[in-house]
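Read through the structure below, which is laid out as structure tokens, and then see the notes.
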Ligand SMILES: O=P(O)(O)O[C@@H]1C[C@H](O)[C@@H](CO)O1
Ligand code: HPA
């Protein structure tokens with residue numbers, strides 16, 4: 001029924017890659033961080049780094065997008081053992097959906113408890129400004145409605161259940177903690193929360209599509225994160241995710257504005273150091289045990 005859906009993504013395949021990494025790196029990460037477009041500088045803030053190019057990791061995909069370096073970095077962030085993806089994979093790169101999410105399963109097998117996902121996104125909410133940081137409180141998985149879903153195919157119960165619940169996809173305690181951390185840092189003026197909608201890309205959305213997504217309840221639109229969240233939750237990790245609003249989605253037919261990747265990377269560059277401070281302070285406040293916070 002699902003002829004090729006387990007090729008290279010089985011439990012044993014993920015375990016083999018995890019074992020390889022565990023043999024190379026002394027750090028045993030509790031937190032995994034995925035860097036969005038232009039946000040790879042987050043990985044550079046890790047101390048005592050051991051880094052691997054994706055091309056050297058057995059059965060790991062390769063990054064093909066500008067602003068996604070393609071390195072897996074182990075190290076500590078404010079003393080907390082972490083692993084950081086300096087570059088993620090997107091559906092539009094042509095990878096099967098199971099491949100772009102495979103790192104989440106590898107992280108679970110490394111012992112990671114919490115995943116922090118970051119992304120660049122277009123702002124649909126008219127109150128949002130370029131440069132805002134949106135804490136993701138929920139998502140809309142349009143492709144998933146049509147069956148393009150990272151958990152389609154045979155289910156391996158060693159990862160998780162066949163029908164995982166997604167009403168608690170984004171950990172509420174971590175959202176509150178992030179709000180507190182943001183306020184303490186004085187980021188309140190550009191800290192928001194909202195709903196992220198994933199689209200396939202790589203073309204940016206039409207004006208009609210942006211209007212539709214906004215009407216459906218999305219505050220921001222992007223091309224990643226949701227698939228990773230679903231797989232991370234399926235295998236029992238907590239998820240915190242944020243969008244950097246790198247551009248305003250074009251919603252008016254007489255607008256001359258055009259979404260483009262250069263603007264995305266430029267906004268990421270401008271907010272880079274604040275994002276790094278935000279994420280590292282957040283990580284420092286996540287206690288190793290699954291249930292407690294400082
Ligand atoms: O990896 P993220 O979601 O940050 O990347 C976004 C979506 C596209 O890959 C790219 C468009 O500029 O940025
Ligand atoms: O406007 C956007 N649309 C989709 N993905 C994006 N990633 C950054 N900005 C956007």
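Glycine is no exception: its Cβ is also placed from the backbone N, Cα and C atoms.
The feature phosphate binding site is assigned by TrEMBL to 37, 68, 88, 89, 90, 120, 224. The Cβ of residue 89 (phosphate binding site) has 61, 63, 95, 99, 100, 103 as same-chain neighbours under 8 Å, each 6 or more residues away in sequence.
Counting every protein chain shown, the Cβ of residue 205 (purine D-ribonucleoside binding site) has 20 other Cβ atoms within 10 Å. As annotated by TrEMBL, purine D-ribonucleoside binding site applies to 205, 247.
What TrEMBL records for 31-283 is domain 'Nucleoside phosphorylase'.
Within the same chain, residues at least 6 positions away in sequence whose Cβ sits under 8 Å from that of residue 88 (phosphate binding site) are 34, 35, 36, 63, 68, 100, 103, 224, 228.
In this structure, the binding-site residues that sit close to ligand 2, with a C-beta under 6 angstroms from any of its atoms, are 120, 247, chosen from 89, 90, 120, 224, 247. Considering other CB atoms within 10 Å as the measure, the emptiest surroundings among the binding-site residues 37, 224, 247 are those of 247. Around residue 90 (phosphate binding site), the same-chain residues six or more apart in sequence whose CB sits under 8 Å from its CB are 65, 100, 201, 202, 223, 224, listed in sequence order. The record gives 37, 68, 88, 89, 90, 120, 224 for phosphate. Within 8 Å of the mean position of their Cβ atoms, the other Cβ atoms in that chain belong to 36, 65, 67, 87, 119, 223. Comparing residue 120 (phosphate binding site) with residue 247 (purine D-ribonucleoside binding site), their Cα atoms are 9 Å apart once rounded.
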